[in-house]
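Here TrEMBL flags 1-138 as domain 'NB-ARC'. Residues annotated as domain 'Disease resistance protein winged helix' in TrEMBL: 227-299. The domain 'R13L1/DRL21-like LRR repeat region' feature in TrEMBL is assigned to 481-601.
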Amino acid sequence: MGGLGKTTLAQIIFNDELIKNSFERRIWVCVSDPFDVKMIVGKILESATGNKSEDLELEALKSQLGGIIDGKKYLLVLDDVWNENREKWQNLKRLLVGGSSGSKILITTRSKKVADISRTMAPHVLEGLSRDESWSLHVALEGQEPEHANVREIGEEILKKCCGVPLAIKTIAGLLYKKTPETEWPLFLRNELSKISQDDNDIVPTLKLSYDHLPSHLKHCFAYCTLYPKDYVIDVKILIHLWVAQGFVEAPITSDHLEDIGLEYFIKLWWRSFFQEVQRDEFGNVKSCKIHDLMHDLATIVGRTRIQLVNYDAPNIDEKIHHAALNLDVAPQKILNNAKRPRSFLLPEKHDCGELFIHKNLRCLRAYDMNDCGIEKVDSCIKMLNHLRYLDVSWNVELRALPNSITDLLNLQVLNVSCCIELKELPKDIKKLVNLRHLYCEGCSSLTHMPRGLGQLTLLQTLSRFIVAKGHISSKDVGKINELNKLNNLRGSLLIRNLRCVDNEIVNVNLNEKPLLQSLELHWERSWEDSIVDRDEMAFQNLQPHPNLKELSVVDYGGRRFPSWFSSLMNLVNLCILDYKRCQHLPSMDQIPSLQYLKIWGLDDLEYMEIEGQRTSFFPSLKTLRLEHCPKLKGWQKKRDDSTALELL
C-alpha cells in the first residue's frame with residue numbers, strides 16, 4: 001500500500017550520520033514507471049555527480065557508471081520500483097556489481113512480487129498505524145484532544161477509512177479541521193465517508209474526498225500538477241506563474257499581486273497535504289516541493305480528460321486535452337497532430353528541437369516551455385501565438401537572438417531566457433510587452449545592454465540582471481541605467497553590471513523605493529585609474545537600496561569609501577565585498593543584527609575594519625566569515641566578553 005512511509009523511512013536511513021560515514025557514495029534514484037535501464041543509469045549518474053547526464057547510448061553510460069561505482073563502497077536507493085520483470089532487473093543488476101564489498105541496494109516498492117524477484121534477504125514490510133496511533137497523529141495535527149468522548153468515537157470511525165496510512169490521516173485531518181466535531185463530523189461520516197468503496201490496498205478514494213471539498217480554483221491548480229513526473233522537484237515560483245498564465249488565480253480585490261494570491265493557493269494546498277517536502281530558501285521564501293506519488297495518482301485521475309503527461313503509457317495527446325507535457329524523447333511535432341487547441345505545452349529538457357516550432361494547433365497556447373531543448377532559433381512567426389502568457393526558452397545555450405516579433409505577444413507575462421549564454425541582446429521593442437511581469441535573464445553572460453524603454457514596463461516584478469552598455473555600444477535602442485527608476489515592483493534578485501560605464505550621467509535608479517528587492521549585486525570593472533575614484537563613489541552613493549535588503553554583493557568597486565547609507569542596512573543576512581582594491585578600512589558591520597554570512601575577498605590594501613565602540617555584542621548572528629587575499633589586514637579589536645554565533649572562519 002502507498003502512503004505508509006516507505007520513502008520517508010528510506011530517507012531517514014539514507015541521511016543517517018552512521019550511513020554517511022559508512023559509504024563512499026550514497027545515490028538516490030526515484031524509479032517509478034517505466035523500468036528503463038538506460039534511464040535509470042542516467043538518473044544514477046545525475047544523483048552521484050549532481051550534474052545532468054548527457055543523452056548518450058547505454059554503452060557510454062555504462063562506462064561513466066563504472067567510473068562512479070567501481071571499487072567504491074556505495075549505497076544505492078531505488079525508490080518506488082514497479083518492475084515485476086525478472087530479466088529487466090537482472091539487466092540492471094549486472095551493471096551494479098563493480099562496487100566494493102559492503103555495497104548495498106535498498107529498494108522501496110508497493111509490490112510483493114517486486115520484492116520477491118529483487119531481494120537477497122527478507123523484506124521489511126511496513127504496516128499501517130494502529131487505531132490508537134492513528135488517533136494520536138490526528139490529535140497532533142488538530143492541536144488538541146476533543147472535549148467530548150463521543151467525538152473521539154466518531155473521529156476514530158472516520159479514521160478507519162484511512163487504513164492506518166499517515167498521508168490519508170493528514171489529508172482527512174486537514175478536511176476535518178474546519179468542521180464542527182459535534183455536528184459536522186457525524187454528517188461527514190454518514191453522508192460522505194460511508195459512500196466510499198475501496199479495497200485494502202487503495203487509499204486514493206479517501207484522498208479524493210479532500211479534493212472534492214476544495215473550491216474550484218484550487219481544484220484546477222492541483223490537477224495541473226499532473227504535468228510533472230512523479231518525484232519531480234517542482235519550482236514553486238514557476239508553478240504559480242503557470243497557474244496565473246492559465247487564469248486559475250483569481251484577480252485580487254486588494255492591491256495584492258496575482259503571484260501573492262497564487263502563493264496563498266499553494267500554502268492552502270500544502271496545508272491540506274497535497275504537496276510535501278516543501279523547501280525554503282535562506283530568506284524563508286518557499287522554493288520547491290514534491291507531490292507524493294499517491295497524490296500524483298489522484299491528480300492524474302481528476303485531470304485525465306483535460307491534462308496529460310505524455311509518457312510511454314500514453315504516447316499521444318487526445319484531442320480534448322488542454323494541457324500537455326512530454327516525459328519521453330519523441331518529436332513534439334508528431335505528438336501535436338491530434339491536439340486541438342492546447343493551452344499548455346511543456347517540453348522540459350533533452351528534446352533536440354533545433355528551432356522553436358510553431359505548430360498550427362498551438363494558436364490558443366498560453367504557456368510554452370522549451371527549456372534545454374537545443375533551440376538555436378526562434379521563428380518570427382511566434383507572434384501568431386497571441387494568447388501566450390508564459391514563454392520559457394532558458395538553458396538553450398546555442399540561442400543567439402530573439403526575433404523582435406516576440407514583442408507582438410501583448411499578453412506575455414513571463415519571459416525566461418536564463419542561461420542562454422550566447423544571447424547578445426533582448427528584443428529592441430520590449431517596451432510593447434506592457435503586461436510583462438517577469439523577465440528572467442540570469443546567466444546570460446553575453447548580453448551587451450538592455451533595450452531602451454524597459455523602464456516603461458512598470459508591472460515588472462522580476463528582472464534578474466541589468467547590463468549597462470559599454471562605451472563602444474551606442475545606439476538609440478540602448479537603455480541607460482536610469483531605466484530602473486520607475487520599476488518599483490521589482491522583487492527577488494537584481495544584478496547590475498558594468499557600473500563603471502555609466503559615464504557622467506547621474507545615477508537615479510531609486511533602489512530605495514523598491515522594498516521587495518531582497519538581493520542586490522553591484523558589479524563595476526577592475527581599473528587602476530585614479531580618475532574613476534570620485535565617479536565610482538558618486539555612483540555607489542546613488543545606489544542606496546531599501547533597508548529591507550537581505551543580501552548585498554559589491555564587486556570591483558573603485559572608490560576609497562563606502563557610501564554613508566551602508567549603516568542603514570540592518571536587515572542584511574549575506575554580505576560579500578570582492579576585489580575592492582583601494583580600500584584601507586571598512587565601515588563597521590559588527591552590529592548588523594541579522595548578518596549570518598560575510599565574505600571579504602581580494603582587498604589588497606585593507607588594514608582594519610571599524611568596530612562600534614561601546615557595544616558588547618560582536619556579530620551577534622554571524623555563522624560564516626571568509627577573509628581571503630587581504631595581505632595587509634592587521635585584524636579586528638574585540639572585547640573579551642563579546643559573544644558571537646560564528647560557526648565557520
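Any Cβ shown, glycine's included, is placed from N, Cα and C.
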Using DSSP, what is the helix/strand/coil residue split across the domain 'R13L1/DRL21-like LRR repeat region' (481-601)? 26 helix, 30 strand, 65 coil
Model confidence over the domain 'NB-ARC' (1-138), averaged pLDDT: 90
Secondary structure of the domain 'NB-ARC' (1-138) by DSSP, residue by residue, totals 64 helix, 20 strand, 54 coil
For the domain 'Disease resistance protein winged helix' (227-299), DSSP counts of helix, strand and coil? 32 helix, 12 strand, 29 coil
